[in-house]
């Protein structure tokens, strides 16, 4: 694995379908750009050849859990080598809408041992900030329908509940955010977690410092 630039930061946003990951990713990108940072944003599965196969299968459920895991790993290997690692090596902040914790949760819910999934990702850079958007499956499904989409084969209540439980039990440093809150409050809590990581590095964000100071003063303690 390549040597990362000390200014790089890997932010991963996770959660079940309908948790608000894409909305948060876009909001954080704007905020970080306004703060003077170079930002790369991406999502998984990608639009590469393996990612497109996965997206096609999501509508039909045709792949077996093991085949899906194989495709996910191949897609992620390409993503890491072609985008994630080069951006981190240049000192950029990388925001990912889904990463390997999603694979652990969804393939785990499909019956693949969690350690099997984790062991397949030794190549993947570890998140510096893992934001887990936690929401009840009922709310997630309602949001999927509200945006005009039809829930796919993986977006059933039982499956999302199983995935949610695995996400919450993951033995990884993470910040759990109540995603039933407004997008603004979710974003504020995510900003606080990122600022905390930057502050520990002595790397303050060049942004609206008074608002950030007020945010930190009133924000409840976030636990990993």
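Heads up, the Cβ atoms here are built off N, Cα and C, so glycines get one too.
Positions annotated as ATP binding site by TrEMBL: 15, 16, 17, 18, 19, 20, 21, 22. Long-range C-beta contacts of residue 16 (ATP binding site), restricted to its own chain and to partners at least six residues apart, with a cutoff below 8 Å, comprise 105, 135, 137, 140, 160, 163, 164, 167. Secondary structure at residue 16 (ATP binding site), as computed by DSSP, is coil.
On the 0 to 100 pLDDT scale, the model's mean across the domain 'Thymidylate kinase-like' (13-187) is 93. Here TrEMBL flags 13-187 as domain 'Thymidylate kinase-like'.
Over all protein chains present, the Cβ of residue 15 (ATP binding site) has 27 other Cβ atoms lying within 10 Å. Sequence-ordered, the extra residues of this chain that approach the ATP site, with Cβ no more than 8 Å from the Cβ center of 15, 16, 17, 18, 19, 20, 21, 22, are 133, 135, 140, 143, 179.
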